[in-house]
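Student: Below is a structure I'd like to ask you about.
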């Protein structure tokens, strides 16, 4: 009762607008906000100076009757006025002089000094201007799948209409999860090593996993939907319970929902080292595996027999992926190269490409006849598979890239070692980043579920991913609800569901489901409205 009364007193103080934090924390927060205010003041002063330089350049252009080469199409907004560099400054400066394409004056290259100043100003103002842009995509966290006892290496989504995702973990287990309920429907533990990748069959209820035990397994991924929906346990409780019950999914014994599969349909033996990845070819009649023994193997799905080995990489393979509609395969390696294999003819052809300077962690085909590769050299490159002489786009990032995924509408999800997941389009434009935010509530230091429910009702908040930090002698704790991965993000997978269409996993042992909406159409409408307003002006 004493704890409860103390909590109620704190809530009353919050409602009155008074702080319940100790003086030490208040002063620390004041210092931080003061530093932030100083940084914004510095940015504001710098922005004013840049505007003054732009005005000086405009005056210089008018005086010399030679317009500058500053032809940026961006609009700088400050003090409530819109300053358009193309139609505003240069239009007034040039008078009736005819313009060529992109707003430049025909036959004029501008003064060399002015060009250098214009380029320097463009670089300096780029960060300031880009900070005021709205993200073309909106990302919101939907739910979390937890239950693995070690880091998760890979996540994959099933074909359209099947609301499940698969996970591959370093705890030697793979899981099949319901995207609707967030519960674990089936756990596979037939491997004797880390499960490094998982893929669902394109037409059948089969799953393919690659493991550190030098094998790849094909196993039945069928689940009892009606029984699983009625199940009341959480995903983590299911994992713990299934370890105690030791129930075989084929026997039909034991509690409903604690399905554990141990026996695969086929075991693919042939590699002499870790099998790092495996994928189905289009149609699903064949599959391919990639290993640290520097080779890839082509297998028959129905018989489990090895058809052919592929050699050529100088170091361990790191990833393998197949084309969605053609028998093309791409393998990546730690030798900083990737190879494409054309399996449409009996005489298989191979092409070698060097575009990165470090281990290539993944490469995937797109429906637009492009290939996207990611590397530890902190770059992602987009290639045209019809002309692979040079990459079309190079995306430079600030952290190593892990297993990327490309959506059906051309969005690239890029997981990083620094826990972030960034989203780009195939043209290299940065669209956004999955949110990482903290929501904090005050809660009693107790494990009672009733207390948790009471606080959730009283403060009208949702408590999840609880991290406890005791900071008051009255045994109140600050619970930080973190959105986003807490350790390295390892893999991404796009789905086709409108409510949940992106899944990410990491070494924090969880899979997170997101809703990502691309606002490209809305942005086009806004641009048209702005153009109409400019024409009227």
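From the backbone N, Cα and C atoms, a Cβ is placed for every residue, glycine too.
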Student: Checking feature assignment: region 'Disordered' per TrEMBL, candidates 216-235, 236-255, 256-275, 276-295. Which range matches?
Tutor: 236-255
Student: What residues elsewhere in the chain lie close to the repeat 'WD' (310-351), defined as a C-beta under 8 angstroms and at least 6 residues from its ends?
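Tutor: Non-local partners: 273, 276-282, 286, 288-298, 357-365, 367, 371, 373, 375, 377, 385, 388, 403.
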Student: Residue list, the repeat 'WD' (353-393) vs rest of chain: Cβ under 8 Å, 6 or more residues beyond ends.
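Tutor: Distant contacts of the repeat 'WD' (353-393): 318-319, 321-324, 328, 330, 332-334, 336-340, 399-406, 408, 410, 412, 414, 424, 426-428.
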